[in-house]
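Q: Please read through the structure below; I'll follow up with questions.
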Amino acid sequence: HQCCFSINLFSSRTARSEEDRDSLWDAWGSWSECSRTCGGGASYSLRRCLSSKTCEGRNIRYRTCSNVDCPPEAGDFRAQQCSAHNDVKYQGQFYEWLPISNDPDNPCSLKCQARGAALIVELAPKVLDGTRCYTESLDMCISGLCQIVGCDRQLGSAVKEDNCGVCNGDGSTCRLVRGQYKSQLSANKLDDTVVAVPYGSRQVRLVLKGPDHLYLETKTLQGVKSENSLSSTGSFLVENSSIDFQKFPDKEILRISGPLNADFTIKIRYAGAADSSVQFIFYQPIIHRWRETDFFPCSASCGGGYQLTSAECFDLRSNRVVADQYCHYYPENIKPKPKLQECNLDPCPASDGYKQIMPYDLYHPLPRWESTPWTACSSSCGGGIQSRSVSCVEEDIQGHISPVEEWKCMYTPKMPVVQPCNIFDCPKWLAQEWSPCTVTCGQGLRYRVVLCIDHRGMHTGGCSPKTKPHIKEECIVPTPCYKPKEKLPVEAKLPWYKQAQELEEGAVVSEEPS
């Protein structure tokens, strides 16, 4: 009762009534043997009512037990209970019984179906304690009733796994991958890769629409390869991962709850002249994670120093440390900040003791990052990069600065060594509207102004002459350049006659308008 007072702050009257109520009961007995040896079972404890009247409360309590996964060959617990009736005659006949799971009305009764027949029978009103109520849930049947079980394997717990399979997680250890594949038929291509789904992925779902056919290729972490043709509808194991496959005349659906125990490559085999499309979605684990290191050695042998932790990028598949860039690839991965602590605080002996650095105080600052100036940008426009070098330095009590190991500065983030620059658009050609045609009939020329414009809309230089749009082109006015024959010709006046002669001579027109 001590705990109850501290949590619930009962009044003394309430506490007495609780005590009176419980004093009518004998002490709880020992826990029973677990109902299962693996996969999550139930154990119970009993108590006896000592009163001649009825006692308030329950005389039995339950807890979960054997919360370790069963080996794959152990089979389904509900299926074992159905098959136990195989050697008992039902209505004068032996049957091979298969489990009926996920009954919405009574998930804790033992309903089984005779293999190869439509016969469904309730062979027992209650399944054994510890049987899952539903195949995709941890909730378990106890004494014929479905009890909530959290991912922490505790009865009555509402704690759930996140999409990455982490109990009470925040979803940061995986990422959602979704996309669509469209088949592209070619005479010399019989199949194609739809998507590669890596080891550890969860909640995989693919829907193919069209005449083509899905199949699987797998590769274990040990490098063993295999193929599965997915020839018929059903549920089956591939590399110890449970596959649910449905095949329809114009559609196929593939589901794998995961986590995958191998790398899966989902492929498509072309079967018809029509195109197919495949939509896919799954949660892919972030296999490169930051891992905090132990504290580095103390910076001083005596008299007070400091030491830091760092973070290293760890590959969860190969269980080894890899280059930091693998962890930087995932934006979800946030590198943990180093921790700083004092160490070797004992004073240095007056005679032979040595000290690597002075104790840090107001006159002796911590090591710090120092950088060189940025280099010139690699491009004058359109986005370039510039770089600088960043090093860890230490200043002694006399003000002398010297370079030191980088880990000494890791208590603050390292300054970036590259950055984008001149990310504005490069100048580009802007063509104005065409002028009217230079003639009022027949074939002539038209011109336009072409300007080099920068990202601010100002007239500038710097555009490539090779990409400059042309500033003149031929044009044809649909009006014919002669009068109908029945009309009398009109003598051309001198300027027009001269211009016509020049055009006939094929005079070279200058490139630039004037």
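From the backbone N, Cα and C atoms, a Cβ is placed for every residue, glycine too.
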Q: Pick from C38, C55: which one does TrEMBL say forms the disulfide with C49?
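A: The record-listed partner cysteine is C55.
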Q: Taking C38 as one end of a disulfide recorded in TrEMBL, give the other end from among C4, C65, C70.
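A: Between C38 and one of C4, C65, C70, TrEMBL records a disulfide, namely with C70.
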Q: Tell me which of C65, C82, C108 TrEMBL records as disulfide-bonded to C34.
A: C65
Q: Of all the disulfide-bonded residues given, namely C34, C49, C55, which is spatially nearest to C70 (disulfide bond) at the Cα level?
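A: Going through C34, C49, C55 one by one, the Cα closest to that of C70 (disulfide bond) is C34.
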Q: Consider the disulfide-bonded residues C49, C55, C65 and say which one has the Cα lying nearest the Cα of C38 (disulfide bond).
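A: Going through C49, C55, C65 one by one, the Cα closest to that of C38 (disulfide bond) is C65.
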Q: Count the residues of the domain 'ADAMTS/ADAMTS-like Spacer 1' (178-285) that DSSP assigns to helix (H, G, I), to strand (E, B) and to coil, and report the three numbers in that order.
A: 0 helix, 65 strand, 43 coil
Q: By DSSP, what is the split of the domain 'ADAMTS/ADAMTS-like cysteine-rich' (93-174) into helix, strand and coil residues?
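A: The breakdown for the domain 'ADAMTS/ADAMTS-like cysteine-rich' (93-174) reads 0 helix, 26 strand, 56 coil.
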Q: So what's the mean pLDDT when you look at the domain 'ADAMTS/ADAMTS-like cysteine-rich' (93-174)?
A: 90
